[in-house]
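Student: Under the heading disulfide bond, Swiss-Prot lists Cys47-Cys89, Cys128-Cys172. Taken from Swiss-Prot, the feature domain 'Ig-like C2-type 1' applies to 24-105. Here Swiss-Prot flags 120-189 as domain 'Ig-like C2-type 2', drawing on sequence analysis. Per Swiss-Prot, signal peptide is recorded for 1-20. Marked as topological domain 'Extracellular' by Swiss-Prot on the basis of a curator's inference: 21-207.
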Amino acid sequence: MGQPLPPVALLLLVSASSRAADVPKALVLLDPPWASVLKDDHVTLKCQGLHPAGDNTTQWLHNGSLLSSQAPAYTITAARAEDGGEYRCQTGLSSLSDPVQLRVHLGWLVLQAPRWVFQEGEPIQLRCHSWKNNKLHKVTYLQNGRGLRYFHQNSDLHIPEATRNHSGSYFCRGLIRHHNVSSETVTITVQGPANPVVSSSVLPWHQIAFCLVMGLLLAADTGLYFSVQRDLRSSQRARKEHTLGWSLGSQDK
């Protein structure tokens, strides 16, 4: 009969099983990658997540309501105001994704970005987009009411590395035919760089609770383990002494 595993080995086995049970989150991606669009724009939302073999069923939520589509990609052929809002998705082997916001604007221009919150050091790409891709020229990007960059022909504005100074309100303006048009103002926020060491060391509450419970069990189990080992050694020693005493008594006779 084999010996029982010591407490540390048992803890390692249970911990490995717990990690294997963790389910990854699905991820919603926009294609094109812009978080704001104009009415009648074409947008595709793609759900990245794990699927069971042969089953690509995907659940889509829009503002908390379940959509009828169960395809991995959800397409909006001509965006309307009511298409704006929060989108989430889930696959068979992935948990519910974090929300992605889509804004649908009415007007001639919209200032587009992949998102509105950036970390220091990240690149920022801004695009001045016209309704139905009408030709746009003499384009100016403005930050906090001041001209930031001018393009005679429409072009994206690239900021290679974001700093706190890039936080603020932005809009763009230009000419369509001979008409001056402007986008609505948007707010871009640049936050301090994320600390990967700190963020990776923060555990979800259920893992913290698991570690606390396993620590208590380990302490109790370890005490019991060594207590049994001590009693076993004492019992073996007493048995040897008894055998030796009996043997000596027999020789005296």
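In case you wondered, yes, glycine gets a Cβ from its N, Cα and C as well.
Walk me through the surroundings of each of these features.
Tutor: Annotation note: Cys47 (disulfide bond) sits in a strand segment as assigned by DSSP.
In the three-state DSSP assignment, the secondary structure recorded for Cys172 (disulfide bond) is strand.
Note on the domain 'Ig-like C2-type 1' (24-105): DSSP counts are 3 helix, 40 strand, 39 coil.
The residues of the domain 'Ig-like C2-type 2' (120-189), classed with DSSP into helix (H, G, I), strand (E, B) and coil, number 6 helix, 42 strand, 22 coil.
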